[in-house]
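Peer 1: The following block contains the structure, expressed as structure tokens.
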Amino acid sequence: MAGHLASDFAFSPPPGGGDGSAGLEPGWVDPRTWLSFQGPPGGPGIGPGSEVLGISPCPPAYEFCGGMAYCGPQVGLGLVPQVGVETLQPEGQAGARVESNSEGTSSEPCADRPNAVKLEKVEPTPEESQDMKALQKELEQFAKLLKQKRITLGYTQADVGLTLGVLFGKVFSQTTICRFEALQLSLKNMCKLRPLLEKWVEEADNNENLQEICKSETLVQARKRKRTSIENRVRWSLETMFLKCPKPSLQQITHIANQLGLEKDVVRVWFCNRRQKGKRSSIEYSQREEYEATGTPFPGGAVSFPLPPGPHFGTPGYGSPHFTTLYSVPFPEGEAFPSVPVTALGSPMHSN
């Protein structure tokens, strides 16, 4: 800002001619005086700027919240080039205003606010750190004991998880047992799982039938429900019955199952799936009708053109040539191109 103003005044001749020694008039300030007033923040000017303008020098820098703050232009000078010397205040009044402005801020370093919140990292006490190390060492020793006991008795990690489900009603996966033995679980989860595994170790030592229970549970878990396959003849019969009665009662389901030689659950599930399929089909059909009612994105309509010979991806039309559907842009009446028969389309002819 100062450099811009100085450059503007550098090309304006001082009133009265000469080099400006004739004096200053209202509305104009000597650029040399203006430049002398602009010094380093908080420091003295290059020349007699403050003395010439009749103001007290800028007070020194003061500390503010751990940093250095400097005073800016004081005593409400505004744009100095637009203010004449006659309108400047005396030195006493200017100094008083500077003092009044500086009284609002303390020259001492600012103290901490009483309501200031300090975020400090909470470090555990030596006792807590010792307890944590002792707990981690105990978990490490128990994990080694569990792995040794499991291998000695011939249990797999999956067997341990299934046995916990038989004993306590909650099955744990093989991955969980593996991570516990490898100390890869969080400390919270390790502490939750440790009592259950301790009871498993006791049961494994005292109960000889635990291995048989584990094997039976493994067979139950391994038994998967096979996918039911229905013959085409039976499927057509079910489809015919569905058209007559989409939602049969329990007695009707039992009668249909006995008639077709199927289980009642199979018939019930088939009718339920068939109703859901019908709902999806009706929704798709309604969406298709709405799409056709609103019209295609291209107003010209669909036109089929034969594709050139060669391999094409798609389903052939039972020996008929492949066609592709294109949308033509409608032309105004009287401006359409004459129709060209399909047989006339072929390779371009070159004239000599």
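A Cβ is built for glycine as well, from the same backbone N, Cα and C atoms used for every other residue.
Predicted, not measured: the structure shown is a model, and the values here were computed from it.
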Peer 1: Among Ser12, Ser347, which is annotated phosphoserine in Swiss-Prot?
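Peer 2: With Swiss-Prot as the source, phosphoserine is noted for Ser347.
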Peer 1: If you check Swiss-Prot, which stretch out of 173-179, 215-221, 313-319 is marked region 'DNA-binding'?
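Peer 2: Here Swiss-Prot associates region 'DNA-binding' with the stretch 173-179.
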Peer 1: With Swiss-Prot open, pick whichever of Lys118, Lys149, Lys170, Lys264 is annotated SUMO cross-link.
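Peer 2: Swiss-Prot annotates SUMO cross-link at Lys118; the rest carry no such entry.
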Peer 1: From 54-57, 186-189, 330-333, which range did Swiss-Prot mark with region 'DNA-binding'?
Peer 2: 186-189
Peer 1: Run through the Cβ atoms and count how many others sit within 10 Å of the one on Thr228 (phosphothreonine).
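Peer 2: Cβ-Cβ neighbours of Thr228 (phosphothreonine) within 10 Å number 11.
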Peer 1: In whole Å, how far is Ser282 (phosphoserine) from Arg150 (DNA binding site) when you measure between their Cα atoms?
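Peer 2: Rounded to a whole number, the Cα-Cα distance is 58 Å.
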Peer 1: Would you mind splitting the region 'DNA-binding' (173-179) into helix, strand and coil residue counts from DSSP?
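Peer 2: Secondary-structure breakdown of the region 'DNA-binding' (173-179): 6 helix, 0 strand, 1 coil.
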Peer 1: Excluding the flanking five residues on each side, which residues at least 6 beyond the ends of the region 'DNA-binding' (186-189) place their CB within less than 8 Å of a CB in that stretch?
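Peer 2: Answer is 135-136, 139.
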